[in-house]
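According to Swiss-Prot, the features are:
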type	residues	note
TRANSIT	1-30	transit peptide
MOD_RES	SER31	phosphoserine
MOD_RES	SER52	phosphoserine
DOMAIN	159-404	domain 'Histidine kinase'
MOD_RES	LYS192	N6-acetyllysine
MOD_RES	LYS233	N6-acetyllysine
BINDING	ASN279, ASP315, THR334, THR335, HIS364, GLY367, LEU370	ATP binding site
BINDING	ASN279	Mg(2+) binding site
BINDING	VAL328, ASP330, PHE333, GLY367	K(+) binding site
MOD_RES	SER356	phosphoserine
MOD_RES	SER360	phosphoserine
Amino acid sequence: MILASVLRSGPGGGLPLRPLLGPALALRARSTSATDTHHVEMARERSKTVTSFYNQSAIDAAAEKPSVRLTPTMMLYAGRSQDGSHLLKSARYLQQELPVRIAHRIKGFRCLPFIIGCNPTILHVHELYIRAFQKLTDFPPIKDQADEAQYCQLVRQLLDDHKDVVTLLAEGLRESRKHIEDEKLVRYFLDKTLTSRLGIRMLATHHLALHEDKPDFVGIICTRLSPKKIIEKWVDFARRLCEHKYGNAPRVRINGHVAARFPFIPMPLDYILPELLKNAMRATMESHLDTPYNVPDVVITIANNDVDLIIRISDRGGGIAHKDLDRVMDYHFTTAEASTQDPRISPLFGHLDMHSGAQSGPMHGFGFGLPTSRAYAEYLGGSLQLQSLQGIGTDVYLRLRHIDGREESFRI
């Protein structure tokens, strides 16, 4: 039974409080502790939020509409005007588009199995989406620059409210993992939710960035992106993290088309590269624990052509065991999967996170790094593939389609 059908089964479509809160919270309600009472009240308010919006026709109507995805080229050429009209057009597009995409995700939460959807952490994320829909649809039509400025404030607030969504989803699924019977359904839900979130954040951040006058940028689009420079930035980050954990880190050599420059959106690389680099460095250090100050280099090769950008990350970290190879791109939230020892599957560097904010941080520590990176790459018309030589090392191939290439670009 899915969550939506159970929620609608209460008297008058209401949601019974006791099943929603679960035994643990029901027990706390009997406590005289002020803290426990506060938690129960928060859970009660959460249940009211979900209940009050489940039968709202606006969400159902918006969920039936298709999303209008833009190509980066469309965003690039619509991103400048002398009179500022591009800001109004962009804001009006967001005002129409964001509620539709968020309604699609609310529908996804409704389709989760009831026992998973009632997990307090998952329910909190569900509530965030419902509140975002409410705030966006309550905003009056954007008529002038003053309206647009207020809309920007709302967008910034929502971006901040949702910055920890990936971490929360991972936590919620790990908490309810013993109740997961259909892993394909949950993985489909995660793929759709995470890639939709990426698209929403790219569109929203692009609009906010249109207000900035930054050299070589139109919104979030860099007109002369250097893959070598962005790789170097995340190499420095991953090496610091690795040195903190192991006392040393592999050196990194970059070769190939190191002088390449082209229009591209850095944001997806800012999500994906830290995960791939941390994996390579951890695997290298874990396979050379006897000689931590004499470890092989990680080698990164850049290949640029008129269709796509390819980044190969090669490590000598011992490769991936045959038994793990088929599962390494899966989300790992079940008990059996949590026990694996492969560095690419187990939590990455524990919960040690030197990079806060909404970039790579949310993927850390839950075995979500590779599958999330794979989902992002596919959403952007590319791919993420592994070639492993067990006993030697692993090559990771990241392919991302150009936004101005010979073939049609991806849509956001």
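Including glycine, each Cβ sits where the backbone N, Cα and C put it.
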Distance check, please: Cα of ASP330 (K(+) binding site) against Cα of ASN279 (ATP binding site), rounded to an integer number of angstrom.
15
Rounded to a whole number, how many Å is the Cα of LEU370 (ATP binding site) away from the Cα of VAL328 (K(+) binding site)?
7
Going by DSSP, give the three-state secondary structure for ASP330 (K(+) binding site).
coil
Residue among binding-site residues ASP315, ASP330 with least C-beta crowding, 10 angstrom cut-off:
ASP330
Find the shortest Cα-Cα separation between LYS233 (N6-acetyllysine) and the recorded positions LYS192, ASN279, GLY367, and name the residue that gives it.
ASN279
Which residues does LYS192 (N6-acetyllysine) neighbour through Cβ under 8 Å, counting only same-chain ones at least six apart?
HIS104, ARG105, GLY108
To the nearest whole angstrom, state the Cα distance for the pair ASN279 (ATP binding site) and VAL328 (K(+) binding site).
12
Rank the binding-site residues VAL328, LEU370 by the number of other Cβ atoms within 10 Å of each Cβ, and give the residue at the low end.
VAL328
